[in-house]
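Novice: Marked as signal peptide by Swiss-Prot on the basis of experimental evidence: 1-23. Residues or ranges marked as pyrrolidone carboxylic acid by Swiss-Prot on the basis of experimental evidence: Gln24. Look at Swiss-Prot and you will find Cys27-Cys43, Cys33-Cys48, Cys37-Cys50 tagged as disulfide bond. The threonine amide feature in Swiss-Prot is assigned to Thr53.
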Amino acid sequence: MKFIIVLILISVLIATIVPVNEAQTQCQSVRDCQQYCLTPDRCSYGTCYCKTTGK
């Protein structure tokens with residue numbers, strides 16, 4: 001019984017930590033996108049968009 005409780009606690013802990021790490025990789029401004037692409041275009045709804053060449 002204790003083993004099941006420990007497994008539940010570990011799974012809850014993992015479920016709360018993983019989204020926090022993902023949120024840190026999302027952008028708040030265009031400056032945050034510079035680590036993902038050389039020419040950042042914009043940050044929209046937490047997603048980085050890079051400028052593309054017309055070639």
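Residue 1 is the first one shown; counting continues down the chain.
Even glycines carry a Cβ here, placed using N, Cα and C.
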Novice: Relative to the Cα of Cys37 (disulfide bond), which of the disulfide-bonded residues Cys27, Cys43, Cys48 have a Cα no more than 10 Å away?
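Specialist: Those near Cys37 (disulfide bond) - Cα within 10 Å - are Cys48, in sequence order.
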Novice: Helix, strand or coil at Cys27 (disulfide bond), per DSSP?
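Specialist: Cys27 (disulfide bond) sits in coil per DSSP, no helix or strand.
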Novice: Far apart in sequence but close in space: which same-chain residues, 6 or more away, have a Cβ under 8 Å from Cys27 (disulfide bond)?
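Specialist: Listed in sequence order, they are Cys33, Cys43, Gly46, Thr47, Cys48.
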Novice: Can you tell which of the disulfide-bonded residues (Cys33, Cys50) has the fewest other C-beta atoms within 10 angstroms of its C-beta?
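Specialist: The disulfide-bonded residues Cys33, Cys50 were compared, and Cys50 has the fewest Cβ atoms within 10 Å.
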Novice: According to DSSP, which of helix, strand or coil covers Cys37 (disulfide bond)?
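Specialist: SS state of Cys37 (disulfide bond) = coil.
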